Every structure is written in structure tokens, then in C-alpha cells.
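Beneath this line is the structure, given in C-alpha cells, with notes to follow.
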Amino acid sequence: ENNQTREEERSSTNQSKEAFADWARHDDAQDHFCELDDETSPDAEYVDLLLNPERFTGYKGPSAWRVWNSIYEENCFKPRSVYRPLNPLAPSRGESKGFYNWLEGLCLEKRVFYRLISGLHSSINIHLCAEYLLDEGWGRSVWGPNVQEFRQRFDTAETKGEGTRRLKNLYFLYLIELRALYKVAPYFERAIVNLYTGNSQEDGETKELLLQIFNEIKAFPMHFDEKSMFAGHKMEAKTLKEEFRLHFKNISRIMDCVGCSKCRLWGKLQTQGLGTALKVLFSEKEIKNLPEHSPSKGFQLTRQEIVALLNGFGR
């Protein structure tokens, strides 16, 4: 019986490896806005997101501050002499007036970049406040909303007005990702696109549900209008767009430095979701020119990007 069990386990493992290899062959290479994990690596792990929800695990303090400080300081087109408001690693915790004077002097695209990173930061913080480790004992953990933690991060009085800006940036992030889903709908609506799971019935059901989401989004009129971005001189716009891509790719690398594995998982997921949204918005012409009944050459989304985009928007 033990031999039979071991044989079944080996068979299951082999089937999983074959399925993962099949998925990898199904995805085409593309210029990405994020560092995608190598699915063929022996160190790669597949995680069930339903069994590993985004929560506050106790990861905080200087280590977490350094990660976010690197993201803002190295990637938001900001000089070292300008400090983010309430930055715990800055002298006097940052100064709002000088920061926002600097921000308003930037071009639209760079202001958008900062607001997206701020919105991403707010999204992650809100989910940690909503599922906070309230109590921990022998064999039991109590999770739930921590209102005090939420107020500390977002209350107008406790944040000197920063909380309101953070929540506005979160809504801005929502509109950007909503717009990306609206723009990418034609990619999925083509008959040739198959949400490959290995089960033909589930493929069809999953695609039908996804198309229902797209129909709901089309009925919402208040999308972000990205046409005003990168609308200047062609060469300058191209350079700025590439800067966007490289800066965002660096942010996804920084997320790999997060010390808590579950925090790293959800941080990377939301980061990759936003990176995929930007990739979609900057590929409008390629999406419009996609062939209906033949494989995509100008634009392609990998399995990781699809999962991240939908889960990121869901957050």
C-alpha cells in the first residue's frame, strides 16, 4: 500500500511538472514592466492565494521602512534633497510644502508615477489594517480590523493631511487598473484566446466569467484618460516610457528584498498587477491590431501577468 501511495505521489508530481511546462510553452516572451519569476527554477513555488490571504504578519519597523524608502527614493524621479512627508527615515520626518512644490513642477507622467506608487503603498497598508494579527496563542491566531492602525496611517489629523492624499492616490490607482482592464478586453475577446488551465470545461467557464467582468467595466464611464500621457515629442515620449518601464522593473526587484515571505508574495502580486496595467495602457496600438484567429505577435500577456492584473485590481 505504501509503495502504491508513493507511486501515486510521484505520478501526481510528474503530472504537475508536465502541466507547468505546458503552461510555460503556452506563454510568449515579452518586454515586461516587472521581473517575472522563473517558473522552471527548482526554487519556484506555486502558492494558493485563497489559502494564503494578505494579512499583517508582524513584519514592520526599520526593515519594512527601508524597502519602501528604496522604492520612493530610487524610482520616483526625486532628488535626494527632497523628502517625502512623514518619511520615518528622513530628517524631521519629511516636509510637506517643499515636497509638493517639487512634485507640482514635474511633468504629468512623473506625477502619475508617484501617485501610482503612493496608491500601491496605501492599498497594501489598508489590507494589512483590515486583516491584522490581534492576538496569538497556543494553536490559535485572531485576525481582524485594527482601526487604530488605520487611523495612524490615514486619519487627516494624525497624518497632517497626508491620509487624504494617500486615499485619493489609491482611488487613482483603481481608475488606472480599471482603464487597463477596459483596454485589454479585445485581447481576451478573441476566439483564439484560451485561458489555459488544462481542463477544457474550466477554460470555457473562466473565460465566460472574465468577459462578464469586461462588460461591467464597459458600462462604467469614469475611466482614466491616458491619451494625455507621452503625447509630446516622439523621441522624448519614447525615452520617458522606457524610463517608466525600467523604474517599475526595479521596484519589482526591490520587493524581492522583503523579509516576510507572505508580505513579499502579496507585495509582488500587487506590484506586478500595476506593472501589467501600465504595459496594457502603453500597448494600445498593438492590442488594436491583434489578429482575430491567429497567435498574438505584437502583444502578449503571460499567465503570471493575467493572474497579477486581476488579483491586483481585486485588491
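Note: Cβ is positioned from N, Cα and C throughout, glycine not excepted.
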Residue among CYS257, CYS260 that, according to TrEMBL, closes a disulfide with CYS263:
CYS260
Return the single residue from the binding-site residues list (ARG55, HIS121, ARG153) that has the minimum number of other CB atoms within 10 Å.
ARG55
Identify which of the binding-site residues THR57, SER118 has its Cβ surrounded by the largest number of other Cβ atoms within 10 Å, counting every protein chain shown.
SER118
To the nearest whole angstrom, state the Cα distance for the pair HIS121 (FAD binding site) and CYS263 (active site).
12
Out of CYS260, CYS263, which has the highest number of nearby Cβ atoms, where nearby means within 10 Å of its Cβ, if these are the active-site residues?
CYS263
Could you measure between ARG55 (FAD binding site) and CYS263 (active site) for me? Cα positions, answer in whole angstrom.
8
Nonlocal neighbours by CB distance (under 8 Å) for TRP68 (FAD binding site), same chain, sequence gap 6 or more:
HIS121
How far is it from CYS260 (active site, nucleophile) to ARG153 (FAD binding site), counting Cα to Cα, in Å?
21
